[in-house]
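Report on one structure; see the data block that follows.
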Amino acid sequence: MSKKFTMTLLSSSLAGLLVMSGGVSAQNGTYSVLQDDSQKSGPVKYGSTYEVVKTVDNGNFRYEVKEKKNDKRTLFKFDSEGNVTVKGKGITHTLHDPALKDFARTAEGKKNEQNGNTPPHKLTDSAVRGVYNKVYGLEKTEITGFSVEDGENGKVSLGSDAKASGEFSVAVGNGARATEKASTAVGSWAAADGKQSTALGVGTYAYANASTALGSVAFVDNTATYGTAAGNRAKVDKDATEGTALGAKATVTNKNSVALGANSVTTRDNEVYIGYKTGTESDKTYGTRVLGGLSDGTRNSDAATVGQLNRKVGGVYDDVKARITVESEKQKKYTDQKTSEVNEKVEARTTVGVDSDGKLTRAEGATKTIAVNDGLVALSGRTDRIDYAVGAIDGRVTRNTQSIEKNSKAIAANTRTLQQHSARLDSQQRQINENHKEMKRAAAQSAALTGLFQPYSVGKFNATAAVGGYSDQQALAVGVGYRFNEQTAAKAGVAFSDGDASWNVGVNFEF
């Protein structure tokens, strides 16, 4: 050790004295502190204001800084790592100073020998005054609104009137409360009153067990177990167990249902509803959204796209058109055939002529001549048969025409149905695009939260901010933390992106 690092024994009778008492050994020595100008040039100078007393307790070194005057008043104590433990009002702080650590390493022989005019350590009068001023300030600092309960079921509360009464509960914010086991409330007047419940945001309420409320004034009813409400004034209402409300003023009133999007309201159990409420409580009118970006459905439970329906209906239309064409050709051929047969029969008729007295004057195409009246009767009968045949043909043509009209109406109805499906699919496409943006915002928020720092120094609060991004979305995260001692620290963070928010709260235990 350097000769410049002098050690002055209080008296020769104390040199090498070893005192044994109750199994604890102690060895005392007094060390000098450097003057402020000793590190500039010239011989090393030692001050007359402060001294350091070294003790050894079961192999652990402790150093006590005292004034040389004023009855050797103790200013502070530090360990071999340069840490000063300060007991303030309501909390214990740990202060670290590099000059103290350098002094301890020199006193314990852990530094290389110093030669010439180089000071053996960095502890000067001004360094002692600086540390003492910090110690004095911390001793006089009173922290209110902060509480940590020691033990296996520790509870943490931070903020005016904050209350954490459940096991492993955390309450952060003015008037925040966490009353059940493993509950967490972060934000002014946030309330987590269910077991394993989480409330994050100003005025959020997570009343049910295993419920989560995120966003200003988000609410989960105490009967809606496993409910999740995320968004400004989002709500999971009475008996809506396992309900999820995502979006500003989204409301779930049914079991195992999801209200997706701002102002969306569920209408039945086991439903995902993306429509939004547009009217008052009395008229209960709803708007629609487009769910976009869908692939063609392949299973019976999958949604079909407009393109998929168009292709299917196009095939049906082509098939119907082909069948109508074939049937029309058949009917035309049949009509032509029957008309030809009638024409042949008409051409084979018997032509007769009569005079003014009604007597037969000629008979063409007949093997026998008959009376005019008989001939007219026979001709009338043949004409009736011709009329009957033509009437039958007209009936068939009429039926074909009716069938064609019926098919045309069916095709028109199918076209209207396709147009309705197209409108619904357009709404679904728009909603999927919004969901895609929401997922990218969530990823950006997660990246920002990852960038928040944990407090490292004991007794120190830290406020930290970070930014994160994913694809074309960015997020800002802010957080606070506090290290209670070398083994325990806690932090909380909130990330914001385009009106959405996510959060985390963590407690760290080191062994």
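The backbone N, Cα and C atoms fix where each Cβ goes, glycine too.
What Swiss-Prot lists as region 'Required to bind IgA' is 329-344.
Annotation comment: Swiss-Prot describes 350-375 as region 'Saddle domain'.
Swiss-Prot lists 418-460 with the feature region 'Outer membrane translocation of the passenger domain', giving a curator's inference as the kind of evidence. Broken down by DSSP into helix, strand and coil, the region 'Outer membrane translocation of the passenger domain' (418-460) contains 33 helix, 0 strand, 10 coil.
Taken from Swiss-Prot, the feature region 'Translocator domain' applies to 461-511, supported by a curator's inference.
Residues or ranges marked as transmembrane segment by Swiss-Prot: 461-471 (among others). Residues of the same chain lying 6 or more positions beyond the ends of the transmembrane segment (461-471) and with a Cβ under 8 Å from any Cβ of it are 440-441, 443-455, 477-482, 491, 493, 495.
Among the features that Swiss-Prot reports, transmembrane segment is placed at 474-485 (among others), with the record citing a curator's inference. For the transmembrane segment (474-485), the residues of the chain that approach it from at least six positions outside its boundaries are 92, 94, 148, 158, 441, 444-445, 447-449, 451-468, 491-497, judged by C-beta separation under 8 angstroms.
Positions annotated as transmembrane segment by Swiss-Prot, on the basis of a curator's inference: 488-497 (among others).
The transmembrane segment annotation in Swiss-Prot covers 501-511 (among others).
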PLDDT averaged over every residue in the region 'Saddle domain' (350-375): 54
Contact set, same chain, for the region 'Outer membrane translocation of the passenger domain' (418-460): CB under 8 Å, 6 or more residues outside the stretch: 83, 86, 91-96, 138, 260-261, 274, 288-294, 303-306, 309-310, 313, 466-479, 481-486, 489, 491, 493, 495-498, 500-504, 506, 508
Composition by DSSP (helix, strand, coil) of residues within the region 'Translocator domain' (461-511): 0 helix, 41 strand, 10 coil
